[in-house]
Amino acid sequence: MTKNNEAGWNLDHSYTTLPQSFYTEIPPTPVSSPELVKLNHSLAISLGFHPEELKKEAEIAIFAGNALPEGAHPLAQAYAGHQFGHFNMLGDGRALLIGEQITPSGKRFDIQLKGSGPTPYSRRGDGRAALGPMLREYIISEAMYALDIPTTRSLAVVTTGEPTYRETKLPGAILTRVASSHIRVGTFQYAAARGSIEDLQSLADYTIKRHYPEIEAHENRYTALLQEVIKKQASLIAKWQLVGFIHGVMNTDNITISGETIDYGPCAFMDNYDQGTVFSSIDTQGRYAYGNQPYMAAWDLARLAESLIPILHEDEEEALKIAQDEISKFSVQYENQWFLGMKKKLGLFSNEEQDQSLIEQLLKMMEKFKADYTNTFRSLTLNTIENTALFESPEFKEWYKLWQSRLERQEESKENAYEMMKNNNPSIIPRNHRVEEALEAAVTSGDYSVMEKLLEALSNPYAYSADQEDYCAPPAPTNRPYRTFCGT
């Protein structure tokens, strides 16, 4: 481990202790004229960096892949993945892990350059990224962090001064992504597909040491690892559902072992409540629709369990039984987390038998009347029942009476109930049309002020402040259906 004290680099590279089949060492491809367009000050400080130093030319060169900090060990990670149900051997096709930053508190975070050039895993891709998708990842990942949802984060975005060609010519950019690690379900699939039990065991041991050291002494630590990942993903997916987040591409290579949300390509937030909501242009069958996300998470975790079978038990039948037993627990864990979250969204402290029915009735009405998901809960939180089709309906008025009497029956005061609702119902989400507005200004005009204002509003989604009002409105009904596209 080496240290550059001027900017605060303090890099280690524990991933290289794994067998070399898990990665390829390769330097980033330099770019012509990098320019820093966004730096995450608060994240930089928490990682042990000095933000003002990071704005200097020498550090911008690092974010661009034109230079490396002391202790850097750039590598592309190998992994596999089921992409829309089809298995492929994959890997970092346009990203490089330059090292793991050790923070002042001793925590370890991957520092990855996304869009840093081709790698052996690029599969005919150019290894580059466009400015729009990189800024989009910055905005959405920071919004998720503010919503208290586990996520990778964005430290910096630099433009490269070079065009990137997709459907059209676009300005190129590189995002510096920060993650607890980039170990995925697909990393374990890769190890299992190669057929080396020793390599699979090495990966599992490394993952336990890095993410779940408390289970190292467990009688069957590999079963315990599976249990921990299931627990983390059940919690994560419940949090997604509770705020109306739709990931869009829940392939196994986008499911992290740490339980963080990763890959903000075709993601979006739901406006009108609809279980079938899909935004991704490539998800033509609705595989990853809003209502399918819990089921797809269980499917992805079953692929992790399959990969672990060779090390779960020496007897294959027993290993298979262990895997099946553990996967069967996901749905209960998810349902419990989601139900607890929905109760908080409605200010329910105690438990009553009809709570499930109360929640389901509201959601059915919201779907029937195409009610805005975020704003419905926002209105209930503020107790301002606005003139909408949902709130004007006789069935809602009946439901509202039931809900109010339910609040009155619990020991906690209504004031406390509404306060809990305020802490669990965001006033603001990154509305798709407002994100696009910010990206349009930045990419076409070089005007980052629209994005800065949006980021400021999103930084405290539970504030219910006056300056957020402008960002609460859903898109105009005349707007065509929103579609998202994978940045690659």
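Here the Cβ of each residue, glycine as well, is placed from N, Cα and C on the backbone.
As annotated by Swiss-Prot, active site, proton acceptor applies to Asp253. Here Swiss-Prot flags Gly91, Gly93, Arg94, Lys114, Asp126, Gly127, Arg177, Arg184, Asp263 as ATP binding site, drawing on sequence analysis. Summarising the annotation, Swiss-Prot assigns Mg(2+) binding site to Asn254, Asp263 and lists sequence analysis as the type of evidence.
The Cβ of Asp253 (active site, proton acceptor) has 25 neighbouring Cβ atoms from other residues within 10 Å, across all protein chains displayed. Note: Asp263 (ATP binding site) has non-local neighbours His247, Val249, Asn254, i.e. same-chain residues 6+ apart with C-beta under 8 A of its own C-beta.
Within 10 Å of the C-beta of Asp126 (ATP binding site) there are 17 other C-beta atoms, taking all protein chains into account. When Cβ neighbours within 10 Å are tallied across all protein chains shown, the highest count among the binding-site residues Arg94, Arg177 belongs to Arg177. The record assigns Gly91, Gly93, Arg94, Lys114, Asp126, Gly127, Arg177, Arg184, Asp263 to the ATP site; their largest pairwise CA distance measures 23 Å. When secondary structure is read from DSSP and collapsed to three states, the residue listed as 'active site, proton acceptor' falls in the helix class. Between the alpha carbons (Cα) of Arg94 (ATP binding site) and the residue listed as 'active site, proton acceptor' lies a span of roughly 14 Å. When the alpha carbons of Asp126 (ATP binding site) and Asp253 (active site, proton acceptor) are compared, the span between them is 20 angstrom. There are 21 other CB atoms within 10 A of the CB of Asn254 (Mg(2+) binding site), with all protein chains counted. Across the structure, Arg177 (ATP binding site) and Asp253 (active site, proton acceptor) are spaced 16 Å apart at their Cα atoms. Here the Cα atom of Gly91 (ATP binding site) is found 9 Å from that of Asp253 (active site, proton acceptor). Arg94 (ATP binding site) falls outside any helix or strand according to DSSP and counts as coil.
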